[in-house]
Structure formats: structure tokens, C-alpha cells
Amino acid sequence: MLEKENCCVGLNEPKLVVRKFLARPQHEGVGAIVRRSIGRFELRYFDPFLVLDEFSVTAPAGFPDHPHRGFETVTYMLQGAVTHEDFDGHKGTIGPGDVQWMTAGRGIVHSEMPAAQGTQKGLQLWINLSSKNKMIEPRYQEISSKDIGEATKDGIKVRVIAGEALGTKSPIYTRTPTMYLDFTLEPGAHLQQPIPESWNAFVYVLEGEGIFGRSKSSPVNAHHLLLLGPGDGLEAWNKSSKLLRFILVGGEPLCEPLVQFGPFVMNTQEEIDQTIDDFENYTNGFEKARHWRSESGLTLDF
Ligand code: FJE
Ligand code: FE
């Protein structure tokens with residue numbers, strides 16, 4: 001019995017860190033600051049992930065009216081609150097620990113603006129959609145912090161935003177198969193988290209200092225992105241005296257051609273030309289953009 005339980009713990013081939021990036025602050029939107037790791041010049045794309053921004057916005061800064069097509073945006077709030085408002089009348093505010101999983105599909109035009117005093121902080125991840133899903137109807141999945149599954153074991157706490165960890169499953173449906181886990185490790189904790197073999201996966205450190213991949217590797221601190229190589233899971237250690245917090249995100253690569261023009265991500269140049277045409281002429285999913293402006297009344301250039 002014991003053997004059977006033990007055989008499921010432990011990894012055959014832990015993933016190693018193959019590249020490391022420090023995400024430095026840069027200006028985005030209107031007066032907002034983002035630390036962009038995926039999506040910057042040196043790392044255009046990590047299939048299926050297009051962008052990872054750690055954002056910081058203080059009113060009157062924000063991300064006023066702008067479009068998306070061909071992918072999903074996942075906004076995970078760490079501090080403060082953001083109000084989103086789209087051209088179809090969908091509106092809401094997400095606060096600390098809340099997640100908005102937005103499938104833009106054929107088209108969304110929306111604004112994302114601060115909803116509280118002080119600085120709003122969070123993560124925004126852009127996940128590509130496969131060619132067969134790029135033009136689907138837009139869809140939102142919103143989970144408030146209290147409904148996000150949490151599990152705790154041996155000094156490890158995980159919040160399961162997508163996928164499964166420590167026996168806890170997320171209700172989020174991922175069109176592009178994805179896992180998104182928010183880990184906090186107490187000093188001395190050691191994590192072994194399975195990841196499907198064929199998936200691409202990365203770690204982004206939010207707080208503290210962690211050891212990833214190999215127990216003898218050097219510690220990594222906040223605002224660093226770590227790309228993981230082949231293997232069946234992640235091993236991580238907190239050998240420091242403070243809490244370690246990081247996200248682990250993995251996804252099945254689409255292995256499709258990609259042509260991106262700002263917030264439009266398609267497979268071919270023809271599809272991008274068509275998308276610009278659709279956006280300018282309010283067609284094929286952008287109909288409602290013709291008469292819509294958010295409360296901010298501003299438009300984001302891209
Ligand atoms: C966008 C410029 C942008 N990262 N993180 C151009 F800034 C944006 C954009 C965001 C964004 C929004 C939030 Cl709430 C958090 C972000 C970029 O909105 F979509 C385009 N096209
Ligand atoms: Fe957006």
C-alpha cells in the first residue's frame with residue numbers, strides 16, 4: 001500500500017532551468033508600468049504563451065479602450081482592484097486574489113482601469129488559441145478569490161488557478177490546455193509538482209528567494225522568469241528564511257505559424273490584414289465597437 005502511494009510522489013525527470021530573464025519595468029498603456037518577461041524582444045513567444053506582464057497601475061493611469069483577437073488574457077490580481085468594461089456591456093471589478101480568464105476569440109474591445117486608491121498590482125498572461133479556436137465567440141470565466149481552490153501540505157500552499165495540484169482542481173476550462181499554479185513555500189519546504197511531459201512551462205518569482213530545478217543551483221529572486229526544459233515536473237526548494245512565492249505555468253504548445261500585430265494574433269498575414277480590416281470597418285465580431293466608448297473615453301493606440 002505504502003509503496004503504491006510512494007510511487008506517485010517524486011518525478012522521473014525533473015525539468016531544469018534553461019533560461020533566466022529579469023523583467024525590468026517599462027511603460028505600457030497610458031501611464032502604466034509593466035515588467036514584461038514573455039513578449040519582449042529577446043523572448044517573443046514561448047508557445048503557447050504570448051505575453052507575461054507583472055503590472056502596476058495608479059489612477060489616472062490604465063489600459064483604456066483597446067481590442068484583442070485570436071488569444072486569451074488571464075488577469076490575476078495581487079493588490080488593489082481593476083475594473084474592466086467591454087463593448088458588449090460586460091463589466092466588473094476584480095480585487096486581490098481574483099482571476100479573470102477572458103477568451104477574446106474573434107474579438108473583444110474593452111478597457112482595464114484602476115478601481116481603487118493606491119497602486120493596483122497583478123499579472124496578465126496572454127495565451128494563444130489554436131487556429132480552430134481563434135474565431136470563437138468571446139467568453140469570460142471569472143473566479144473570485146474565495147472560490148479559488150487552495151491546498152496546503154508540508155509547508156507548501158498552492159492556489160489552483162488552472163489545472164490541478166495537491167489533489168485540488170480548478171473549475172476553469174482552458175481552450176489551450178494550461179496549468180496555472182500560485183505557490184507559497186515556507187522556509188525549508190521542498191516541492192515536487194508534476195507537469196505533462198510534452199508541455200512548455202515556466203516559473204515567475206513574485207516574492208522571496210527560491211532554488212529551482214537542481215538543489216545546488218543558485219537562488220532566484222523576484223521579477224525573474226525561468227524557462228524550464230524537458231522533463232515531467234518541477235522541483236523547487238525554499239532554503240531561505242523568508243516566504244517564497246512564485247507562479248508555475250505550463251501549456252501544451254500549439255506548434256502553429258504565428259503572425260502578430262499588437263493585440264491581434266493570427267496564423268497568417270492574410271488573417272492579420274483581414275483583422276485590421278474588420279476592426280476598422282466594425283465587421284466579423286467588431287460590430288459593437290462602432291458606437292461604444294468606455295467611461296474613460298480614451299483609446300489606447302497600439
Ligand atoms: C494592450 C498595450 C497594452 N499588459 N497588463 C497594447 F498595454 C495593452 C494592455 C495590457 C494590459 C492590461 C492589464 Cl489590466 C494588465 C497589461 C498589457 O491592455 F492590450 C495593447 N494592445
Ligand atoms: Fe486588454
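A Cβ is built for glycine as well, from the same backbone N, Cα and C atoms used for every other residue.
As annotated by TrEMBL, domain 'Pirin N-terminal' applies to 34-127.
A C-beta separation below 8 Å, combined with a sequence spacing of at least six in one chain, links Glu112 (Fe cation binding site) to Gly62, Phe63, Thr75, Val82, Thr83, His84. The Fe cation binding site annotation in TrEMBL covers His66, His68, His110, Glu112.
Mean pLDDT, taken over the domain 'Pirin C-terminal' (180-284), works out to 98 on the 0 to 100 scale. For 180-284, the entry in TrEMBL reads domain 'Pirin C-terminal'.
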Tertiary neighbours of His66 (Fe cation binding site) (same chain, Cβ under 8 Å, six or more apart): Val109, His110, Ser111, Pro263, Thr299, Leu300, Phe302
Counts by DSSP class (helix H/G/I, strand E/B, coil) across the domain 'Pirin C-terminal' (180-284): 13 helix, 49 strand, 43 coil
